[in-house]
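Going by TrEMBL, these are the annotated features:
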COMPBIAS  1-16  compositional bias 'Polar residues'
COMPBIAS  156-166  compositional bias 'Acidic residues'
DOMAIN    18-90  domain 'Agenet'
DOMAIN    92-147  domain 'Agenet'
DOMAIN    201-270  domain 'Agenet'
DOMAIN    273-329  domain 'Agenet'
REGION    1-24  region 'Disordered'
REGION    156-194  region 'Disordered'
Amino acid sequence: MSQEGKATTAPATQDPPSLLQPGSLVEVNPRDNDYLGAWYLAVIVERATSTCDDRYVVQLLFLYEDISTGTKAIREYNSVDIRPLPPRHRPRKFKVGDLVEAYYRFGWFEGEIVEELHNGNYICQLKSSKRLELVVERLRLQRSWRDGEWIPPLDESELAVEEEDSTEKMMESETDNAEASKAGTGNILEESDQKTKEKEEEFSEGAHVEVTNIDGDGSNQAWFAATIVKPVGNNRYLIRFETLRTEDDTGFLEKEMDSSHIRPPPPHIPVPDQFKMFDHVEVLYKGGWWKGVIAEVLPDDSKYLVFLANYDKLECKHSDLRPRQGSIDEN
């Protein structure tokens with residue numbers, strides 16, 4: 001089912017190609033049964049010195065060594081298991097039998113389209129035999145990186161233009177049967193969200209809160225300021241967003257949500273004078289606070305390059321960032 005390809009490797013005595021220079025953002029394939037056919041966002045740390053093989057030390061940006069401390073995983077990989085980030089692409093129509101990569105649990109998993117649904121979604125079977133129902137934005141054509149080129153090659157018509165505001169679409173993708181992450185996945189973003197889902201809280205009318213959008217893989221990507229309008233029973237509430245408006249712009253958007261997707265506003269804590277590479281932050285973007293990681297501190301110290309958990313890349317001002325407060329999710 002997979003399109004296997006090998007990247008060009010350089011002799012150990014030569015300087016590594018630009019793709020493998022320290023600080024380069026890449027995708028890595030762990031080739032592990034737990035991550036079968038998966039590609040994860042990482043940054044090159046250095047060339048490995050423990051062996052004569054063409055191996056590199058990388059730090060994974062969304063997989064963790066220790067959940068309790070937030071220690072990010074550092075691993076060695078052969079250069080054939082490292083590739084550049086694929087260019088952003090337009091959503092496309094797929095057909096049964098297409099080999100794809102599906103965005104699931106903060107990685108891109110190789111799979112195959114096995115069914116196209118009437119609602120426009122697709123059923124994708126991963127290499128692990130797991131089946132997922134996914135929106136088209138969570139799929140991309142499976143490609144291999146060979147000799148410095150993508151196979152099959154990218155056509156200019158496939159490249160993404162500036163994205164439309166998809167916030168409301170993501171909010172509507174909330175599903176009651178979405179599979180939440182389980183303990184032991186090794187992903188602190190998912191596991192802290194699971195703890196949020198497991199707790200029950202009661203909120204009074206008029207209370208100021210934050211509510212989360214739930215993606216098709218069960219992971220929350222952003223928190224939005226909102227007000228409780230009224231409880232509607234069964235731990236569900238009618239809420240009114242404070243930053244998202246209706247399509248006709250006549251008022252603020254209202255939505256019924258489960259209490260497991262609602263939290264009190266985080267307490268005010270001092271924001272550091274400067275964030276560092278790999279700091280976990282929340283980014284004010286499209287009216288909500290989105291999870292991200294500092295990928296680069298730009299020459300202008302008040303700006304940063306941030307990778308969101310959904311692989312969006314943003315240039316952000318210092319004033320649009322706040323530290324991620326995991327304790328909010330864990331209480």
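Count begins at 1; order follows the chain as displayed.
Just so it is clear, glycine is given a Cβ too, placed from its N, Cα and C backbone atoms.
For the domain 'Agenet' (273-329), DSSP puts the residue distribution at 7 helix, 30 strand, 20 coil.
Residue counts for the domain 'Agenet' (18-90) by DSSP state, with H, G and I taken as helix and E and B as strand, are 9 helix, 38 strand, 26 coil.
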